[in-house]
């Protein structure tokens, strides 16, 4: 193997346009040389959510410039990269088309191999880039489009242990915020309001707590929030804070039960693992401090290492896409043909049962 491999990564699956140059050294260590992300928050905030057509147009307008900026920041030219990695799914099909077609064009023009990357795999492998984790480990992905507990056995080897049967957790945060008249994105707005609220004022449900299966459900909690708000309308600022705090507490207690059962299962299935077992958290909701504290305490109780990559690498970014490509290259996996097509739905675990449920990105992958 050469002393290092260098990849250009491209990410356009939802409402962030991103490009990155990442290096994998011969010892397996990863290094982010440049990482450029352009958020579309302003374009979508007036609509209270992501508008697919607007997102796709924004990717078209920004991506070429971001690729140039990523190369400039890294001090390299296209000739210096070993491959191109572009998100191919899951996500909004318009955005995926923009990023994948750009990746194909660059790969063709520069004579470089193309790796079409599963966005979820990027999240799953990020902890190996940031913390050098060894396989296997558990990953909790909590975002606007996905809520999944996944066993990460190896590159390309994923086993879904739990998923949402209805709303994704990030979607529940956004809808709660919208119901209460809080700004988009809803996650930070709910968290900020909750800091001033009484988490015990409203006894909100904790969906699926106590069940042996490791799946999640948040639609009932969202409905309970609506009922609580309607019952005391019109809402004062303190009412809103109390509802947010109660909602956040219910979410944290639900995750504590669901993930706690997952950690116990991991110990049973991997009793002789070398070193400390690990739980990785990824996705935009992973920025929530109460959720992080809950998961940290849970890991401490079960003897797990809690790994939360920096916030900028928990949300959508191109560094994780580049790294996933590097992981595949390092294993000698074949590059993708330029005819590869984007996939709006692309589960990490292809053998897992498809559950009913729709989030911002459509059917749960």
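Placed from the backbone N, Cα and C atoms, the Cβ positions cover glycine too.
Per Swiss-Prot, the Fe cation site holds 119, 123; the candidate it also names there, chosen from 300, 316, 336, is 316.
Swiss-Prot lists 141, 142, 143, 144, 145, 187, 288 as substrate-binding residues, and of the candidates 131, 174, 198 the one it assigns to that same site is 174.
For the Fe cation site, the Cβ centre of 119, 123, 316 serves as reference, and the other residues of the chain with Cβ at most 8 Å from it are 11, 13, 87, 120, 122, 143, 282, 283, 317, 320, 321.
Residue 144 (substrate binding site) has 316 as its nearest neighbour among the binding-site residues 119, 123, 316, going by CA to CA distance.
Summarising the substrate site geometry, the residues cited as binding it (141, 142, 143, 144, 145, 174, 187, 288) extend over a maximum Cα to Cα distance of 17 Å. Cβ neighbour density within 10 Å is lowest for 288 among the binding-site residues 143, 288. In this structure the alpha carbons, written CA, of residue 141 (substrate binding site) and residue 123 (Fe cation binding site) are 8 Å apart.
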